[in-house]
Amino acid sequence: MTSVTTPPAVERPRVARARRYGVSSRFVPVLATLVLFCVMYGIGIANYNGFSDTQILLNIFIDNAHLLTVAVGMTFVILSGGIDLSVGAVLALGTVLAASLLQAGWPAVPVIVVVLASGALIGLAQGAIIHFFEIQPFIATLAGLFTARGLAQLISTKAIPITNDFWTTDATERIHFAGFRLSPSAVLALVIALIAGLALAYTRFGRNVYAIGGNRQSAALMGLPVARTRVLVYTLSGLCAALGGVLYSFETPTGNSLTGQGMELDAIAAVVIGGTLLTGGSGFLAGTVLGVLVLGLIQTMITFQGTLSSWWTRIFIAGLLFLFIVLQRVATRRER
Amino acid sequence: MKQLPKHRLFWPAVALVLLLVSNVFFSSSFFSIRLQDGHLYGSLIDILRGSTPLVLVALGMTMVIATAGIDLSVGSVIAIVGAFACLQVSDLSDQNSVGGVLIAVALAVVLGLVLGLWNGVLVAVVGIQPIIATLILLVGGRGVAQLITDGQIINVRSDPYRTIGAGYALTIPVAVIIAAAVVALAVVFTRRTALGLLIESVGSSPTASRLAGIQARRLTVIVYVFSGFCAGVAGLIYSSNISSADGNNAGNLIELDAILAVVIGGTALTGGRFSIAGSVLGAVLIQTLNITIYTAGVPGRVTLLFKAVVVVALCLAQSPAFRAKVFRQKAAVTA
């Protein structure tokens with residue numbers, strides 16, 4: 001048995017600086033992300049023509065509806081002190097499952113139900129293995145990654161096109177309001193993020209997630225339902241990943257077992273950029289939404305730049321990610 | 001004898017033996033090793049040689065994980081160092097000159113150290129969470145590797161360079177000798193000096209070790225530099241073995257296999273204790289699994305499922321909670 005480690009005291013010393021500005025220390029990381037996002041957005045406006053159009057921001061949500069959904073589930077997992085590496089593979093499985101069922105002539109609604117159920121089931125299995133057999137989340141969800149992608153490949157190694165009307169209309173449909181446009185997927189993702197945020201902040205389940213992430217032993221001693229909460233958190237993440245798969249198959253009407261590679265890292269990055277601690281117990285869902293916006297803004301700036309080769313794009317993404325994380329770290333730096 | 005199943009390397013060793021034995025059913029000459037032209041040949045030798053990059057990467061990862069960190073960038077480091085070394089060798093006026101290749105290799109190893117230092121500084125000095133700090137190099141590193149090779153695959157025709165990954169010395173593959181030497185070095189430094197103990201102490205509690213007068217920050221930098229070194233050497237072996245640098249695919253997803261090897265070997269991701277022997281065993285086990293899948297003729301699309309089953313079975317077998325819940329219930333019924 002390895003010794004149980006308490007996370008290093010990152011939170012405590014932050015209080016001093018935060019108090020000076022009259023802000024609760026809990027909000028400092030999210031506020032830092034918000035300020036940095038605004039700075040980055042300002043740089044974009046200053047450098048590129050047409051960047052100031054508000055539709056640019058909405059397009060980020062349209063393009064990243066699936067990532068936002070996946071990251072919402074990941075937020076719950078990370079807040080509870082775990083990690084879920086399987087989300088990208090579950091998303092891929094979702095697209096392949098949907099495409100193959102539609103190809104077999106199933107109507108849209110049962111297909112969506114089956115896809116969501118499969119994701120939730122994989123999440124449930126992972127949660128159960130992690131909690132009851134005390135397997136490390138990293139490894140259990142890595143096995144989940146292999147399983148989900150393996151199942152996706154078993155169904156089809158080729159990309160399956162989707163011709164279902166429900167799918168194709170959703171891909172092109174736009175909801176108009178006050179001169180702006182959003183896709184139904186983006187609206188759905190934002191609504192889910194809102195519900196999840198409210199659930200985290202105001203429900204007993206949400207408080208249990210924070211408590212378990214803060215200190216699982218104390219939570220158990222306080223009589224909180226640790227087992228139920230932990231298993232539920234992974235089930236939720238699997239469900240969100242499968243829903244992400246449905247949304248992704250709306251955007252690109254195909255089912256492909258190779259999609260979503262590395263998406264787990266994008267989701268983790270979005271959560272962490274949003275100020276949530278990987279050790280669990282501290283963070284907000286609003287931060288995750290901001291994190292997705294930051295990743296999307298980096299992509300948008302690269303698109304506006306327009307002249308980068310594929311490898312310069314990668315280096316540029318890494319550079320901006322680096323700048324952002326270091327600045328965020330400086331902004332929330334503890335005083336010595 | 002009763003203590004034996006409780007040893008933390010018991011189940012991985014059993015799994016390894018089972019996998020090796022199962023290969024006999026698919027290829028009857030699996031265990032035969034023969035000496036030909038002064039070189040050892042055979043499937044077992046192939047497994048050992050093929051597992052050297054993973055063994056090295058897992059070794060570096062073990063130290064990082066012992067400090068409660070994680071290094072996601074190893075695959076990118078493999079790609080960068082391989083690309084750099086191949087570029088240097090291909091630029092030589094005589095690709096077969098031993099001196100030129102040695103200089104190229106030395107520069108490439110230094111590059112690996114620098115990349116490790118970058119990770120270490122981000123984690124220990126800037127204070128970024130390890131998974132995010134190394135994610136930056138994971139994302140950008142492949143871009144850098146492609147930048148070095150200009151998006152192409154560089155092929156080299158250099159016998160001295162090829163020796164690193166594909167050559168033989170004293171009848172044994174050179175790659176195996178290199179990996180064994182690095183592992184031996186790591187064992188001596190961590191188990192014959194206090195270094196290992198200090199690393200475990202930092203992994204258990206960085207604050208407590210700092211208060212106890214341990215230079216936690218410096219140690220953290222050192223483990224990432226070591227991980228960069230190991231990944232760099234792995235990159236040399238990998239690119240030398242195929243005599244080319246592939247910035248896009250070299251070392252792709254090896255970080256997951258390496259982490260898996262470390263965990264199979266009994267090192268917890270929460271840090272604080274590590275087992276080098278376990279990680280080496282875990283890495284060889286994963287390579288054997290890959291070879292077994294291949295020799296058993298498992299179709300490519302089922303490979304991942306097969307791997308998932310083995311990983312789950314192995315982790316459950318190792319989990320005290322699983323054994324207690326499943327086997328004690330049986331005992332309770334019979335009692």
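Any Cβ shown, glycine's included, is placed from N, Cα and C.
All annotation found in TrEMBL is predicted automatically rather than curated by experts.
Taken verbatim from TrEMBL:
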{"type": "TRANSMEM", "residues": "B:9-33", "note": "transmembrane segment"}
{"type": "TRANSMEM", "residues": "B:53-86", "note": "transmembrane segment"}
{"type": "TRANSMEM", "residues": "B:98-118", "note": "transmembrane segment"}
{"type": "TRANSMEM", "residues": "B:124-145", "note": "transmembrane segment"}
{"type": "TRANSMEM", "residues": "B:166-188", "note": "transmembrane segment"}
{"type": "TRANSMEM", "residues": "B:219-238", "note": "transmembrane segment"}
{"type": "TRANSMEM", "residues": "B:250-269", "note": "transmembrane segment"}
{"type": "TRANSMEM", "residues": "B:276-296", "note": "transmembrane segment"}
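If you count C-beta pairs under 8 angstroms between the transmembrane segment (B:53-86) and each of B:9-33, B:98-118, B:124-145, B:166-188, B:219-238, the highest count goes to B:219-238. Ranked by Cβ pairs under 8 Å to the transmembrane segment (B:124-145), the stretches B:9-33, B:98-118, B:166-188, B:276-296 are led by B:98-118. Against the transmembrane segment (B:166-188), stretch B:276-296 has more CB pairs under 8 A than any other of B:9-33, B:250-269, B:276-296. Tertiary neighbourhood of the transmembrane segment (B:9-33): same-chain residues 40-45, 264-266, 275, 277-278, 281-282, 284-285, 288-289, 291-292, 295-297, 310, 313-314, 317-318, selected by CB-CB distance under 8 Å and a gap of 6+ residues from either end. Same-chain neighbours of the transmembrane segment (B:250-269): 8-9, 12, 53-54, 57-58, 61-62, 65-66, 68, 70-79, 82-83, 138, 145, 231, 234-235, 238-239, 275, 277-283, 285-286, 311, 314-315, 318, counting only residues six or more beyond its ends whose CB sits under 8 Å from a CB of the stretch.
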